[in-house]
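Swiss-Prot lists these features:
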BINDING   Cys24, Cys27, Cys40, Cys43  Zn(2+) binding site
Amino acid sequence: MAKKSMIAKQKRTPKFKVQEYTRCERCGRPHSVYRKFKLCRICFRELAYKGQIPGVKKASW
């Protein structure tokens, strides 16, 4: 989990647009966030296995 101070800092609008970055909306993780789902890879995997993300299923071939 991310620190509360870092999550609060990320919510503020930065002075320059290039300073914006994505964070997972569920846990606050700053790395490996899928923009389409706004989730990090770990949260995405957990929710996908539970079937809570519509249209996503485990690949099998």
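Glycine is treated like the rest: Cβ placed from N, Cα and C.
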Near the Zn(2+) site, what residues other than Cys24, Cys27, Cys40, Cys43 in the same chain have a C-beta no further than 8 Å from the centroid of the listed C-beta atoms?
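Other same-chain residues near the Zn(2+) site: Glu25, Arg26, Gly28, Arg29, Val33, Leu39, Arg41, Ile42, Phe44.
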Please work out the number of neighbouring Cβ atoms within 10 Å of the Cβ of Cys27 (Zn(2+) binding site), leaving out its own Cβ.
14
Is Cys24 (Zn(2+) binding site) helix, strand or coil when read with DSSP?
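For Cys24 (Zn(2+) binding site) - judged by DSSP and reduced to three states - the answer is coil.
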Starting from each candidate's C-beta and looking 10 angstroms out, tell me which of the binding-site residues Cys24, Cys43 has the most other C-beta atoms.
Cys24
With every protein chain in view, how many other Cβ atoms are within 10 Å of the Cβ of Cys40 (Zn(2+) binding site)?
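Its Cβ shell of radius 10 Å holds 22 other Cβ atoms.
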